[in-house]
C-alpha cells in the first residue's frame, strides 16, 4: 500500500512545485506591469477619486489640499468644500463683470492742444437772391399775377410791382392756362383755427380766433390731398411760391446761364493775410434759393495757411448787399449769407451758414476742433462712407449731411419718379415738374413728413465720419462805415467798382474771418480696455481669491482634460462589458456532458497532504489530477 502511495506523492509534490512556479510567474508579471505603468509616458487614473485626490495633493491653488487632508473630519471637509466652491463662484462673478466691461468696448477721450500752422478753411458767401428779377420776369409774370390775386383774396393786399411791360403781358397770356391749371391744383387757403388741432398746428402764441394758412397738394385723381399747415402767413406764402418757382426753373433748360457770375459786382474788396485775393482763390456755384455763391480757398492744390491769429491775419471782404433787383417773394432777407466749412465739402447754406447784416462789420472768430473716433467695434462711424448703403450724389467726400441728402433724393426719385431741384440727380433721373409729374408735390410732402420722422431710415443709415474737423464760430458786430468816414468810403467804393450805391449804408457790408487763438484742440479716442488690461484684471482677481498664477490655471485645465479622458475610458469599458454580456449562455447538453466526464466527488481517492505545505495547487492542476485518476480507475 505504501508503494502504491509513493507515485501519488511524487505527483502531488510535482504539482506543488508547478503551482509555486506559476504563482511566482504571475507575481513577476504583476510586478512588471506595475513597473511599466510607473514608467509609462502617458498614464491615466483609475477612478475619479484617485484623480481628485492627486490634484488636491499636488496643485498650487490655495485651499485645495484642505479638501483631502481633513477627510477624517467630515465637518472640516464640508466647510472647506463649501468655502472653496463659494470662492470660485465669487471669482467667476468678478470675471463676468470684467468680460462685460471689455466687450462694451469703452474708450478714453484724449485732449491735445496743437500749436502749429493752420490750414485756413473754405469760406462761402451767397447773395441771398436766386436770380435777377429782370432775367426771370417773363417766366415769373404769370406766377406773380396769380400770387397777387391770392394775396388780395387772403389779406386784401395789392401787390403792385409796376413792372408789367407789354412783353411780360404777352408772355402771361400765352402761358396763363397751363400754369393756372397747376396752381389751381395746389391752392393756398385760409382755415379757421381748430381748437382740437394738434399743438404743432395750434400754436399757443396765436389766438384761436385767428386763421391758419395751408396749401394743398393732391394725388393725380384728387382723391387724397395732403395739407401743409403754417401758423405764419409769411412762411406759407413763401413756401407756396417757392414750390411753383422750382417747377418753373425745372422747365428752363438754360437756367444756369441766368446766373450772375460777375465776381466784381458782388465782392467789392477781398484780402487774405493782408494780401489781395485773385480769381484763382475762389470758385462760383449757384443755389436756387441763396443765389450766386463764391467759395474762397476751395482749391486743394494751393491752400491758404494761417500762421498767426487775429483779424489782420484772416480773410476780409467788402460785399454788396443792395436789393434793387431781388425777387420779392423769395428774397425776404437783405444782406449776405456766409458759411465756414472744410475743403472738398459742399456748403449747405441752409444749415451751417448765417446772415451778414448790411451796414455792419461782422467779425467772425474761429476755433478749430478735430475729432478722431475709433471705428470698428468701438463706435458706429465710417472712414470714407464706402460701407454706408447710400449712394453719394455729391462730388465731394463723405459727410453725414451729404449722405442724408443723398438718401432723401434717392427716396424721392424712387417713390415719385423724379428728383427735387435742390439736390443733385442720380444718373438717368430728371427734375420734378408738375407739367410732367402731375402729383409729385403730393408725393414729395408726404415723403418729407416720413423723412423728418426717420421713417425712411436715412438718419440711421448715415453714420458719422470717424474723422471730423469743425470750426466753432463767434461773431461780433459794429457799425461800418462810421458816420465820420462813410462819405469818403462810399465815394471810393462807387468809383472803384463803377456802381452807384443809392441806398449807401444798406448797400454794403464788411466781413472779417480769422482764427481766435494760436492753438487748436484735437480730440482723440483710444481703447480704455485692451487685451493687456483684460489679462491684468483677470490675473488680479485670480490672485486675490486663490493666490495662484498662470501655471495654476494650466493645472486646472489639466484636471479638466484628465476628467474627460477618464470619462471616455470608463464609457468604453462600460460598452465592452455590455457587449460581453450579450454572448450565448452554455446549454444543458453541454453541462450533462461535462458531468458525465467527471465522476462524483465522493468516488475520488483521497490524498494525504503534508501540513507544512502552505501553497495550494491551482485549479487547473487539480482538474488535470482528477482527470488522470478517472482514467486510471477506468483502466483498472
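Cβ coordinates come from backbone N, Cα and C, glycine included.
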From the ranges 487-507, 508-528, 529-549, 550-570, grab the one Swiss-Prot calls transmembrane segment.
550-570
Relative to the Cα of residue 218 (disulfide bond), which of the disulfide-bonded residues 432, 443, 458, 462 has the closest Cα?
443
If we skip the immediate neighbours and take only residues 6+ beyond the ends of the transmembrane segment (550-570), which ones have a Cβ under 8 Å from one of its Cβ atoms?
44-45, 47-48, 51, 55, 59-61, 539, 542
On average, what pLDDT score does this prediction assign to the topological domain 'Cytoplasmic' (1-77)?
70
Chain-internal residues near residue 418 (disulfide bond), provided their CB is under 8 angstroms and they sit 6+ positions away:
412, 429, 430, 431, 432, 433, 436, 437, 440
Do any of 277, 293, 381, 416, 458, 462 (disulfide-bonded residues) have a CA within 10 A of residue 443 (disulfide bond), and if so which?
416
Candidate nearest residue 466 (disulfide bond) in space, where candidates are the disulfide-bonded residues 126, 225, 270, 416 and distance is Cα-Cα
126
C-alpha of residue 381 (disulfide bond) to C-alpha of residue 293 (disulfide bond): distance in Å?
31
